Structure formats: C-alpha cells, structure tokens
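Engineer: Dumping the structure here so I can ask a few things about it.
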Amino acid sequence: MTFSDLLEQVGSTGRFQVLHVTLLSMPILMMASHNLLQNFVAAVPPHHCAPHANLSMSSMGAGDVLQATVPLGQNGKPERCRRYVHPQWQLLSSNSSESLLEEGVEEIETQSCEDGWYYKTTEMSSTIITEVNGKFGGTCTAFSTSFTMFCIFRFCCGMALSGLVLNSFSLIVEWIPTRVRTVVGTGTGYCYTAGQLILAAVAYSIRDWRWLTLAVSLPFYVSFLYSWWFLESARWLVLTKKPEQAVKNLKTVARINGRRAEADKINLEMLQESMKKEMACSKGSYSALDLLRTSTMRTITVCLSAVWFSTSFAYYGLSMDLQKFGVSIYLIQIIFGAVDIPAKILVTISMSMLGRRPSQCGALVLAGVMILINLLVPYDLQVLRTSLAVIGKGCLAASFSCCYLYSGELYPTVIRQNGMGWVSMMARFGAMVAPMVLLLGEDSPWLPGFIYGGAPIISGIFAFFLPETLAQPLPDTMQDVEDRGFGWKKDKRLPEKENLAKKDPSCVHLKESV
C-alpha cells in the first residue's frame, strides 16, 4: 500500500476535499484584487498645472484660464507638467494668437507646476497620485498618510500574498489524488480570474482609493479566522517526523468523508508501511541548496525559474498598464479578466491530453508571438492592438495556470515548499522589473513590447527541457525525482545516485531492493 492508496481509503474526493479546496480558494479569489489594485488606486487621471495661486478667476471661465496659463503640447492637448511663468492673456485674442503662432509660442518662458496640478476626476474621485501630486499592506494601506507609508504597507502586503498562494496550493495538491489534480488546479486558477472581474465591479462602485483598498482587504480577515482549522498535509507530517499527527489527520479526513470504519483501521503501523520508502528517504535534512544538488534538480530549477520569471514579467507588463489602451480602465479590466476563462479551459484540455510540457511551451511561445505582432500594428488601429494584447494576456494566464500545477508536480514533497518559494520569488522579481521596462519606451517606444514578447518565447524553449508529469504520482523524495528522469534522454544519473546515497544511504538501498 502506498500513500495514494491510503488516501483513497479515507476518501480522496469526498466532503473534506470539497470543503478544503473551497476554503483555500477563497483568499485566492481576493488576491487578484490586490495584485492589480494599482490600476485603480494609482491611476493617473488627465491633469495639467494648476493656475497661479494669486490669480483671480471670478470673472473668467475655466477654459480661458487654462488657455492663458498652460501651453499646448505636440498632441494638441495641455502640457501636463509645464505652465507659463506669467499668464498670457493675449492668447485669448484670436488676432494675437495668430501672430504669436507665427512668431512661435514656444519661446514664451515656462516653469514647472509650482502650485500643484488640476486633475480630472471622472473615473476615480481620488487616487494616491492625486493626493501626492504626481510623485512616484492591506488594510493599513487605506490609512496611509504619506507616500512612504503607502509603499511600506504595499510591500508588506505583497510578501503576505506570496506566502498565501504558495501555502494554499501546496495544501490543496497534497490532499487530492492524481486523477483530479489538473481539474482542481485549474479550478483554483479560475478563482483568480473571478477576482479580476470582482475588482472591476468593486472599483467601479467605489471611486475613492482609500475605501477601495479597505473593501478588497477586509475579506482576508474572514479567511484568517477559519485558517486555524486547516489540516496539515499528512505527507509532510510523516516526512518531518510527526507520524502520530499524520494518523490523527487521516482519521479526521475519513470521518468527514463518512468513512468511520476506515478511520478506525488506520494506525501508525499502517501509515509507516505505506510510506516506508518515503520515510527512509527523508532521514536527512533538506534545504534550498537541494534545489541544485543533482543535475536533474538543477535543470528543473533553472528552467522553472525562467518560466515563472517571464510569465510574471510579461503578464504584469500588460496588466498593469491598462490606461495605454485608450478605453475605460473598468472595461479593459473586465476584458482582461474574462479572457482567462476560455484560455484556462483550453490549457486544461491541453494539459490533460497533450501533457504539461507542450502546454507550458505552447502558452509561452504563443503569448510572445502575439505581443511581438502587436509591435507591427499602427497605433491608430486600437481595436486590433487591444485584441492582440488580450490574446497575449490570455496565453500568459494559461501559462500561470499550467506552471502552478506543473511546478508542484515536479518538486518532491521534502523540498516542495522550498521549490515553490524559489520560483514564486522569481515571479515576484519579474513583476517588479516589468514596470521598469516601460520607462525604456520614452526613448524607444517599440523596446518594451519587444522585451515583453521576447522573454516568453525564450522561456518557452527552457520549458521544453522539463520532464513530463502527466498521470504520474507526486514525487515525495529526491530519489523519486531522479528515478522519474526526463523521459527524452537516457538515464545517466549514476553520479547523482551516489550523491544521494552519501546524503541518505537507506533511501537508495531500499529503492534498489524494491
């Protein structure tokens, strides 16, 4: 009997799994609201320099004051960060305007916005931008009194969300059987998709950035309260020398699933027999260094790092710049969220029929191609440009859905959290770098798109070198990963087995005897 058999005995798809997965998915539902919250709380509304503070406007219209105080840019709209040093009232006269245009209005002396900015607040009544006049944690963020405080709390919020999704996914995948792992993993991904649609609706209803931040943060307190009753992974408990607690958890699962007779049969001896190999292989201590200990683990870690970095890099490069599409940010948020629905359905079918590796490669390469093609489309064809961007974003969402499941299947239980933590850090690094690349567009407008499109294509090539995991049981030990190999090359892992034997001799000996 293996642990998979033991899980079937207590119920692998019963009431416990339904409740367990549902409750763990609730925070993921709201996670999208925080990941993409900047699109609304830090939206940059149309703006221009405020009029001179000592200017009396009682007898003048706002349009006249604007024309006399703010020059026009090359696009024919008021400059956003420059104003005349002195109001140019002569510009209000058509004859004077024509003569000044002939002489060159650009020769009039200008200055920066000494008295702040005027913002058009039709979409958001207030954002962090309007409060800090253009200068570049959850509930606490809503009560920030300075930009520095805002950044600190958002930083803490980002760290918490990273840990939340990693723990949620690990707890989900270790309590479900192999046959439903793809469907459950994709279903969890749909919670994030739904969260994007919820964000658009909530942001449309709440136009003040403080109340919006508070609204998307409070639901996490509910998840915090019930999270204390989650059952720890029985696999992990056994591998960390806590078999008694693992037996207790398995009995609880059996009772929740209505299998009391099976619960009475489970004991320590049965559990130790079902996980004899895993317990033998887990006698050594493990750390993040084990992610690079053997050539197989090195290949997996390097390739997954590239996949996660580029997926997050391109995903947030598109998703965090909604204002460039020239339509309502609420509408484009709904479109960007809705495209995940067909994208994840297609990738689920692909992962189940073709396998994880071709699905991961295909999603990344197709996303990159869509972004690169967009570079060739003229700016005035906004519908076509938006459509290509939406398709690219959908492919990146499919890539995310795939790599969460794929990574959990590639790393063994003894270092799964270390591995998922590492690749998640690479994803966060990609999301952090993505906005910086946009700054390159000031000198070369085509360069950000070229980088956003090239990165997924390169990482799609990296994904080709990962082993296939379709219909295979979760690896529990480093030795399981070595025995699985890659499938597309001959087994040349004798040196790695010798290294593992030095780390834990009982593991290799037991495997050879089997």
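For all residues, glycine too, the Cβ spot is worked out from N, Cα and C.
Pasting the feature list from TrEMBL:
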type	residues	note
TRANSMEM	152-177	transmembrane segment
TRANSMEM	189-206	transmembrane segment
TRANSMEM	212-231	transmembrane segment
TRANSMEM	299-318	transmembrane segment
TRANSMEM	330-349	transmembrane segment
TRANSMEM	361-381	transmembrane segment
TRANSMEM	387-407	transmembrane segment
TRANSMEM	419-440	transmembrane segment
TRANSMEM	446-466	transmembrane segment
Engineer: For the transmembrane segment (152-177), find every same-chain residue at least 6 residues outside the stretch whose CB is under 8 Å from a CB in it, and list them.
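Structural biologist: 4, 7-8, 12-13, 16-17, 20-21, 24-25, 27-28, 31, 34-35, 137-138, 140-141, 144, 184-185, 188, 230-236, 253, 404-405, 408-409, 413, 416-417, 420-421, 424-425, 428, 474.
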Engineer: When you scan the chain for residues with a C-beta under 8 Å from the transmembrane segment (361-381), skipping those not six or more beyond its ends, what do you find?
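Structural biologist: For the transmembrane segment (361-381), the list is 307, 310-311, 314, 318, 347, 350, 388-389, 391-393, 395-396, 398-399, 402, 446, 449-450, 452-457, 459-461, 463-464.
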Engineer: Please work out whether the transmembrane segment (387-407) lies in contact with the transmembrane segment (189-206), by counting C-beta pairs under 8 angstroms that are 6 or more apart in sequence and asking whether there are at least 3.
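Structural biologist: As far as Cβ distances go (cut-off 8 Å, pairs 6 or more apart), the transmembrane segment (387-407) and the transmembrane segment (189-206) touch.
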Engineer: Short question: which residues 6 or more past the ends of the transmembrane segment (212-231) have a Cβ under 8 Å from it?
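Structural biologist: Apart from its flanks, the transmembrane segment (212-231) reaches 20, 23-24, 26-27, 30, 33-34, 37, 40-41, 138-139, 141-142, 171, 175, 199, 202-203, 206, 249, 252-253.
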Engineer: At least three Cβ pairs under 8 Å linking the transmembrane segment (446-466) and the transmembrane segment (330-349), pairs spaced 6 or more in sequence?
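Structural biologist: Counting Cβ pairs under 8 Å (6 or more apart in sequence), the transmembrane segment (446-466) does not reach the transmembrane segment (330-349), since there are fewer than 3.
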Engineer: Cβ pairs under 8 Å with the transmembrane segment (419-440): which stretch of 189-206, 299-318, 330-349 has the most?
Structural biologist: 299-318
